[in-house]
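Data block below; observations after.
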Amino acid sequence: MNPPVAEGMFGHPVSCCAAVRSGLAMGSRGDGVWQRVRRLIERPGTENVLRYRRVVAAAGERADVLRALSDDELTAAAERLRTTPDRPFDRDEFAEVCALGREAARRTLGETPFDVQLIGVVALLNGYVVEMATGEGKTLTGALAAAGFALQGRRVHVVSVNDYLARRDAEWMRDLYAMLGVSVGWVDQQADWADRRAAYTCDVTYVSVSEVGFDVLRDRLRTDPAEVVLPAPDVVIVDEADSVMVDEATVPLVLAGDVDRGRNEITFARLVRELTTGEHYEVDGDRRNVFLTDAGIDLVQHRLGGVDLYTDTHAELLTKVQLALHARALLHRDVDYLVRDGKVQLINVARGRVALLQRWPDGLQAAVEAKEGLAASPTGEVLDSILVQALIGRYRTVCGMSGTAVAVADQLAEFYRLKTGRVPMNVPCVRDDEPDRMYATMAQKQAAIVEYVRTVHETGRPVLLGTLSVAESELIAGMLAEAGIDGVVLNAKNDAEEAGIIARAGEFGRVTISTQMAGRGTDIRLGSVDGAGRERVAELGGLCVVGSGHYHTSRLDDQLRGRSGRQGDPGSSVFFTSMEDDVLVHLPDARRRVEAGEDGRVRSARARRAMAHAQRVAEGVHLEIHRDTWRYHNLINIQREVVLDHRHQVLTGDEAPRRLRELCSERYELLLETAGAEALSDTARAIVLYHLDRCWSEHLAYLADVREGIHLRALGRETPIDEFHRIAVAEFSEFLPEAYRRSAETFDRVEITDDGADLEALGLKRPTSTWTYLINDNPFGTPEERFRDFLGGIVRDGQSKLGMPS
Ligand code: ADP
């Protein structure tokens with residue numbers, strides 16, 4: 001697949017792209033033809049953002065006038081543009097905000113936004129996800145759009161992939177915003193309540209996806225409206241939009257409390273430690289699935305007290321055994337996780353680095369901890385959770401930017417009803433993307449990579465080697481060291497450090513070995529960071545990017561390539577692949593019958609096509625999983641909205657005393673007399689909020705359990721999702737009645753003294769501490785994936801459990 005960065009606006013070769021770009025200055029000439037051609041060749045879901053070039057041209061005409069203004073006059077001009085959300089900008093005002101933004105950027109950052117950047121700004125202001133190649137200056141584009149929204153009276157969150165980038169970008173753009181009279185703040189993990197509150201009251205707030213998600217969750221549990229930190233969601237500009245909105249869309253952000261109700265996953269973890277591979281369980285050739293053998297089933301059933309695991313009633317037990325076995329057999333230390341300071345730290349597969357905030361679901365986490373002989377980390381109770389997709393979906397206006405968005409335009413349309421458009425490059429890309437070099441075995445591939453890096457390095461050209469995993473980075477770094485090449489290995493460090501190292505990857509003679517996403521968001525300049533030595537490196541051919549294999553989506557490949565060749569720099573990229581690569585898991589047949597040369601090199605076109613096909617299959621599998629997961633969560637979301645709505649009425653109104661008066665009139669009158677109306681209302685409110693939150697947490701836990709076992713329950717009857725809906729809707733119909741039944745019970749027993757009511761004495765304890773995390777359920781997939789694997793195992797074993805034909 002061709003990398004979009006090497007193409008023009010509509011996937012044309014670069015020469016054609018130049019023609020389109022010159023159209024920037026041509027005004028409307030040839031529009032009709034273009035419109036028709038565009039419809040023929042655009043990807044579904046993409047739209048032409050070049051139509052905004054006229055707005056940008058109009059901004060250009062204002063440049064001289066604005067240049068003559070003093071700084072204060074410029075700020076005053078921006079102030080005059082301010083409007084309210086009910087009267088959004090017209091075309092002239094869009095042009096004026098671009099012109100003001102350009103002039104302010106020139107004065108405060110010393111960078112004059114290019115026309116293409118301003119096209120991006122107008123597209124963002126019109127609710128697009130824009131694709132702009134790496135190095136085209138998305139940070140500035142996003143900031144000008146944020147200022148444009150703010151001047152229309154909107155409140156903007158610029159959402160980034162990590163805390164480091166949120167802070168860096170807010171500080172970088174601070175003076176620009178100041179000159180436009182727009183206030184800006186940022187939030188990171190360390191921010192306390194007051195910092196957050198202050199940052200969120202700014203016109204524009206930079207924040208990572210996880211932090212804003214955690215704030216949403218915490219706000220939902222407030223018992224005092226004055227403690228809420230987030231204003232109503234309005235505009236979000238999502239940086240690295242495809243990564244956040246597609247790749248991480250189904251990652252749940254979780255708020256848990258320390259109500260430890262005791263869990264027995266540890267038992268299962270211990271149980272599977274007794275099992276031996278070959279005898280009790282078998283692992284698939286591709287090491288993605290693990291199955292109990294008959295002997296294994298017998299042993300487990302015996303240990304569990306003689307149950308029959310394969311009956312409906314024991315679906316839950318079976319799931320837990322499967323989880324524990326997955327932890328035991330399929331999760332590998334240093335590949336999937338590290339053990340550090342007595343803790344299990346996950347390695348995020350997509351980013352190939354330690355994901356500090358992440359943990360697996362409790363069962364698996366406990367299983368891995370038990371496997372490593374570590375103390376079990378505290379298990380809490382999930383108080384609430386939200387998927388990244390639902391988090392983004394809360395905003396009234398969503399837009400975003402990315403180096404690779406067009407490839408997922410249809411998904412952005414499907415899941416977010418968003419339009420996507422590609423902004424052409426300022427300077428055409430001249431990077432040389434070489435065809436893959438394919439090898440029969442992994443070992444031959446690695447040897448070839450080392451040899452290739454050695455020859456390039458001899459010339460002094462900087463090399464950036466992108467690997468698929470932390471373990472692989474270390475392996476190849478070791479091999480390079482043996483060949484006398486000292487590379488800088490970059491993984492599992494913190495974001496700020498990574499950024500510093502990646503920024504230097506373009507220096508003469510430098511070899512940087514990094515997992516795909518390490519140092520994301522950081523620009524690699526040729527020569528040193530301050531630009532010295534640029535010519536020397538450019539003459540050698542610029543940055544040489546080497547990929548050690550294809551990722552599960554071509555977008556990640558393209559992002560790696562995009563590290564080289566920014567703003568017309570010379571550069572090259574090449575991927576080394578092997579017939580043993582992971583991505584071929586999806587196409588096992590492709591591994592057979594490959595003809596290789598003596599050095600292991602595979603030159604067959606068929607093998608090459610198989611590799612590309614496998615990647616598309618992988619992308620399709622991810623999409624299906626995304627759809628499945630979303631279907632389940634969407635229903636829960638709808639129910640959550642109902643509960644939140646009601647909770648809001650309780651929190652801010654007199655719903656609680658009103659309802660309790662109906663339910664317990666005698667008690668109500670008595671307390672009214674003894675305690676007075678205000679104390680009574682406060683107590684009623686606190687009681688109802690407590691029970692609403694408790695019931696919600698229980699409802700979530702119940703639905704999570706149902707979902708884990710839904711495929712087994714639904715087997716042979718309805719489709720799992722329908723069955724899930726049926727159960728969830730039935731259960732939810734009892735939600736409010738149950739919450740009020742419990743509230744009435746408490747209300748009947750509560751005493752109100754001068755100090756208020758002591759609810760703790762009645763057993764109404766809110767968690768004393770809460771913590772937040774992201775769940776990573778990639779290692780063995782969602783319940784749907786696991787079920788597919790599980791069925792696959794049964795069919796493969798030739799067994800006919802659960803009445804399935806073998
Ligand atoms: P991206 O996120 O699109 O890869 P960045 O926002 O990190 O790009 O910007 C890349 C580099 O380009 C930064 O060093 C930035 O200062 C510079 N830059 C952005 N816009 C301009 C401009 N209009 N003129 C000159 N330099 C620019």
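Any Cβ shown, glycine's included, is placed from N, Cα and C.
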_Further ATP ligand in TrEMBL, beside Gln117, Gly135, Glu136, Gly137, Lys138, Thr139, within candidate set Asp486, Asp495, Asp523_ = Asp523
*Taking the centroid of the Cβ atoms of Gln117, Gly135, Glu136, Gly137, Lys138, Thr139, Asp523 (ATP site), which other same-chain residues have Cβ within 8 Å of it?*
Met132, Thr134, Leu140, Thr141
*If you count other Cβ atoms within 10 Å of each one's Cβ, which of the binding-site residues Gln117, Thr139 has the most?*
Gln117
_Under a three-state reading of DSSP, tell me whether Gly135 (ATP binding site) is helix, strand or coil._
coil
*Once the chains shown are all counted, how many other Cβ atoms turn up within 10 Å of the Cβ of Glu136 (ATP binding site)?*
25
